[in-house]
Amino acid sequence: MPRKEHAISRRQISDNAIKVLYRLHKSGFKAYLVGGGVRDILLGLQPKDFDVVTNATPEEIKRLFRNCRLVGRRFRLAHIVFGRDVIEVATLRGHHVDSGEKISKTNESGRLLRDNVYGNIDEDAERRDFTINALYYDISDFSIHSYGGGLQDLASRTIRLIGDPQTRYREDPVRMLRAVRFATKLDMTIEAKAAEPIKGLAGLLKDIPAARMYEEVLKLFFAGKAQQNFDMMREFGLFEPLFPMVESLLNEYPNGETSKLMQEMMANTDERVAQDKPVTPAFFYAALLWYPLVQRADDIALESGLSSYDAYNAAMGDVMEQQCRTISIPRRFSTVTKDIWQLQLRFDRNKGTKAFRFIEHPKFRAAYDLLLLRAHAEGGNVAKSAAWWKSFVEGSEDQRNVIARSANKGGRNRNSNQRRRRKPKAKPASKPAE
Ligand code: ATP
Ligand code: MG
């Protein structure tokens, strides 16, 4: 599609991406903007990032740019670094059928382990996931190259895989998650042929390296479409391989606490993203894994006879370790997740004058937010406790003094501690405080 028939102008592309495209072009190489950048501009959206492809090899790219870093094994890529902005430059990929193991490799289930065969633009297009992502903006004449009907699919809002869906999902099971993510992000429909095999192949996600999964989960839940992605992933059986502990509770109690907490948490996350408020994986995982943690703590207490406090601590480690087998949560977040869990125990014990110190804790706010979610999901004593804390948190200095003193007079702290010792098996954090 020539320049005069489409709406992409150079002004909509970042200066850094334009610089990279021109440097490649002027050095005699082909250079295209590709994928999400082209797709999103055509849809009238602001692209998240700009990806470039060229027929220059990574080594040739490195020679052209001083600010270039070569990265990746599965896909060898060049990163051109402009301060905090990074333009990803890939070399056009070719077919990998007859090539030796050194440059391309698949495992028994058909998953591509290495993929560094270079080719031309037609071959490169066939290797992309969806037709709407196989759009190339050519810097030499400002035309758009579309493959497999990408431009038509963009107009009819269809997510269509390039090639045979089964094969393409087996090559890279993450494409199933990407289908869901683009459907919700772009408000498109996954074509029937691409939707049909997902349920049967969802289990292949279990083999994806946990570090890559971590990145994919961020894209699914921190980009403003958490609720829709959650619902759709469950519908397609894609939630289970990622979060087996959560899925088993959702399955067992379809309208239970876990389900209520999930819905509320996803909606809150989307609202925060919409308002440009920060969202953190630490809180996300604390809420997501809350009921698996409670259940695990109960089981440990029952099996081992440990005190509820010790069982709870052991369960925190267990649940986190089990989740990290599928999704590697960086330690800087998982330690905060555990802090948030640990602090849930203090809501019952620290009513009264101790509350003044508790609310100064750096993670109080996150812990309190989880308490509110639990209160909505469970009602009952947790809701009562949450209501006490809400009035304390939102009260003026004077009101706080009155609230704290009346709690102390009622002897809440002593009572709840005594009961804790007598009934070690009870859920520690949902302890009533009469
Ligand atoms: P966004 O950046 O908005 O998430 P995107 O389409 O740019 O969307 P990226 O992950 O940045 O997605 O990938 C850039 C391009 O690389 C895609 O548009 C697609 O053409 C190709 N691509 C990415 N991941 C895959 C994959 N798993 N299989 C095949 N092609 C892929
Ligand atoms: Mg992108």
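Note that Cβ sites are derived from N, Cα and C of the backbone, with glycine treated the same way.
Unlike curated entries, TrEMBL annotations are predicted automatically.
Taking the Cβ of D49 (active site) as centre and 10 Å as the limit, one finds 14 other Cβ atoms among all the protein chains shown. In the three-state DSSP scheme, D49 (active site) falls into the coil class. Taken from TrEMBL, the feature active site applies to D49 (among others).
Among the features that TrEMBL reports, active site is placed at D51 (among others).
Cβ-based neighbour count (10 Å, all protein chains) for D129 (active site) stands at 23. What TrEMBL lists as active site is D129 (among others).
What TrEMBL lists as compositional bias 'Basic residues' is 417-428.
Sequence annotations record features per position, and here TrEMBL assigns domain 'Poly A polymerase head' to 31-160. Across all of the domain 'Poly A polymerase head' (31-160), the predicted model scores a mean pLDDT of 87.
Sequence annotations record features per position, and here TrEMBL assigns domain 'tRNA nucleotidyltransferase/poly(A) polymerase RNA and SrmB- binding' to 187-248.
Under DSSP, residues within the domain 'Polymerase A arginine-rich C-terminal' (305-422) fall into helix, strand and coil as 96 helix, 0 strand, 22 coil. The domain 'Polymerase A arginine-rich C-terminal' feature in TrEMBL is assigned to 305-422.
What TrEMBL lists as region 'Disordered' is 400-434.
Around D51 (active site), a 10 Å sphere centred on its CB holds 19 further CB atoms from the protein chains shown. Taking the C-alpha positions, the distance from D49 (active site) to D129 (active site) comes to 17 Å. Taking CA atoms as the reference points, D51 (active site) and D129 (active site) are 15 Å apart.
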